[in-house]
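Residues or ranges marked as topological domain 'Extracellular' in Swiss-Prot (evidence: a curator's inference): 26-386, 444-465, 515-541. The feature N-linked glycosylation site is assigned by Swiss-Prot to Asn155, Asn219, Asn248, Asn293, Asn311. According to Swiss-Prot, the feature domain 'GAIN-B' maps to 233-377, an assignment based on sequence analysis. The disulfide bond annotation in Swiss-Prot covers Cys329-Cys356, Cys344-Cys358. The feature topological domain 'Cytoplasmic' is assigned by Swiss-Prot to 408-422, 487-493, 563-586, 632-638, with a curator's inference given as support.
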Amino acid sequence: MISARWLYCLVLLLATESCRLFCQAASKSKENVMPRPHDVCDGVCKNNASPCFQSCPPNSEGNMKFACKAKRWHKVTETCHTLNAHSIFEEDKELYSVQSSESTIRTHMFNSGLKTITDTLMEKCPKDLSCVIRGIEKSPRIPGNIAVVVQLLHNISTTLTKGVDEEKMQSYSAMANHILNSKSISNWTFIQDRNSSCVLLQSINSFASNLFMKGHLINISHVFIHTLGTVVPRNSLGKNFTFSMRVNDTSDKVTGRILLTTEELQKVPSAFQVISIAFPTLGAILEASLLENMTVNGLVLSVILPKELKNISLIFEKIRKSGERKSQCVGWHSLESRWDRRACKMIQENSRQAICRCQPNKFFTSFSILMSPNTVESPVLTYITYIGLGISICSLIICLAIEALVWSQVTKTEISYLRHLCIANIAVTLLMADVWFIVASFLSGPIVHHNGCVTATFFVHFFYLSVFFWMLAKALLILYGILIVFHTLPKSCLVASLFTVGYGCPLVIAVITLAVTEPGKGYLRPEACWLNWDMTKALLAFVVPALAIVVVNLITVTLVIIKTQRAAVGSSMFQEVRAIVRICKNIAILTPLLGLTWGFGIATVVAGHSLAFHIIFSLLNALQVSPDAMIESEWRGC
């Protein structure tokens, strides 16, 4: 038995036509199931029990379907409705008294079941559509009635493709306002056609797109839907639409603004009309099914524009105000029935509001912001990061200063020279990586400082990779000291090889990553100056080489330790073996520390947004330099 939650997610992911076919199939399969007796869908049940159907309360038609989950009956769908052709036209009851509501209303699928009501509406009040408003507003907001109104709005939007004026829009908005009430949100869960909320949004946008204005501002305001429209003259200096609405009866008002810049308006050769609609509760109804752990945190703003306008700016005040939770600007994909991050980019964000730049088109006309419920930032994390980076930078500077002081004394042999060459370059690359990391953190984001973000991210990527590749170079030194064949290589050749490994390989990887992902705007993360993960997985260009080097180094150290046990004290190889063992110790300490550090770094991106992972990563990142920073062996000699 599929649970109600998973059935909900499955249907919502489907496009409108697919949802209709699914619901039709579900309706047919329901007819083949022998329903249990009415009024027994309560209490304990068996997990493999067949669905239970219960009759609706008096004065309503339909039924309620229950499924057994965790050995208890839970309501899955409800088709109970009081609205029908008999009640919706309250003043003409006799006209439809002989018609059965079952023959005129089908709440479980979008078909021609409400054609009679729609046709009668067009006959009775085609001028303003007002003859059904009283009947709808008096009806309870139960799931079946919501489905009836959604179907009616859908039919009206497909019937009236022209000649929509302010009066019709006023009545249409009043019908939608009734089912968008905050008190009805929980009942949307039980509507049999889970795609109803998508159809509602699409129907409202479609109907509004046919609205014709007579040169004056249109302002149709209801509690849960607000429509603004105006005619923009040619060469206008810019327009903005501001909404201020309550999400529920007890909350404060939340604002949303749509901004059209002068530059964009110049692209339209003649006067045109702009229509914008705001919904305070529709975000709670529309499920962000393809973006896990995300909730709508602002008004849903729809905008109908001429096709020449490609960019708009939107300012969303946050419903839940938090500086520790990142938001994402999104557009509603009308074909795929889901929120899509590709439609918008974040320009600026603080604890109270988010500014987005979006690209409306025939698929994207509605926009909002999503908020992750997981905390990914905190003042503690910020302090630890900057204090840790300060400690790291100071340690690295001390390390390089000590290396400079003792350089002539500790580089007398070839292998010692090469060893300290690696140590110095590890310190330099880690120092540069930390500096560029700080530069990247001070940039406000990839939208405001895109070129600066690209530059900072490139160098952070390059220098952190260089740290790992110089660690690999130190491992290669072990092989140089153990394998006789390498003794024939001149010192200059070895130095060139080390620099090729330490800087050449990271440079190639960093350049290829930038060249492949940046043209499609997939190089940077939307909210920070670092490699993208969600869209292009560019972060793998750092993760894969780094962890591969960690594994190779650990294997190399293990093999060399086994081999060096054969060298006897006083033998000709003994002194070189002692130097090699020092390198092994150094690598054996640094490699796990570096690997552990970036293992936690990966966990912060892939395995969730736990604050503990971020704090551990910041601490290890600050301390990973300390074994080399002490440089104990420099004072002991080689």
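Glycine too: its Cβ is placed from the backbone N, Cα and C atoms.
Not measured: the values here are computed from a predicted model.
Here the topological domain 'Cytoplasmic' (487-493) has a mean pLDDT of 75 out of 100.
Cys356 (disulfide bond) counts 27 other C-beta atoms within 10 Å of its own C-beta, drawing on all protein chains shown.
Here the disulfide-bonded residues are Cys329, Cys344, Cys358; the one with the fewest Cβ atoms within 10 Å of its Cβ is Cys358. In the three-state DSSP assignment, the secondary structure recorded for Asn155 (N-linked glycosylation site) is helix.
The recorded positions listed here (Asn155, Asn219, Asn248, Cys344) include Cys344 as those with a Cα within 10 A of the Cα of Cys356 (disulfide bond). The helix, strand and coil residue counts that DSSP assigns across the topological domain 'Extracellular' (515-541) are 8 helix, 2 strand, 17 coil.
Cβ neighbour count within 10 Å across all protein chains ranks Asn155 highest among the glycosylation sites Asn155, Asn219, Asn248, Asn311. Same-chain residues lying 6+ beyond the ends of the topological domain 'Extracellular' (515-541) with a Cβ under 8 Å from its Cβ atoms: 326, 328, 341, 345-346, 349, 440-441, 443, 445-446, 449-450, 452-454, 456-457, 460-461, 509, 605-606. Taken residue by residue with DSSP, Asn248 (N-linked glycosylation site) is part of neither helix nor strand, so it is coil. When the recorded positions Asn155, Asn219, Asn248, Cys329 are screened for a Cα within 10 A of the Cα of Cys344 (disulfide bond), the ones that qualify are Cys329. DSSP states for the domain 'GAIN-B' (233-377), grouped as helix (H, G, I), strand (E, B) and coil, give 11 helix, 67 strand, 67 coil. The recorded positions listed here (Asn155, Asn219, Asn248, Asn311, Cys329) include Asn311, Cys329 as those with a Cα within 10 A of the Cα of Cys358 (disulfide bond).
Shown for the topological domain 'Cytoplasmic' (408-422): DSSP residue counts in helix, strand and coil, namely 12 helix, 0 strand, 3 coil. Each residue contributes its Cα atom, and for Asn311 (N-linked glycosylation site) and Cys329 (disulfide bond) these two points are 14 Å apart.
On the backbone, the CA of Asn219 (N-linked glycosylation site) and the CA of Cys329 (disulfide bond) stand 26 Å apart.
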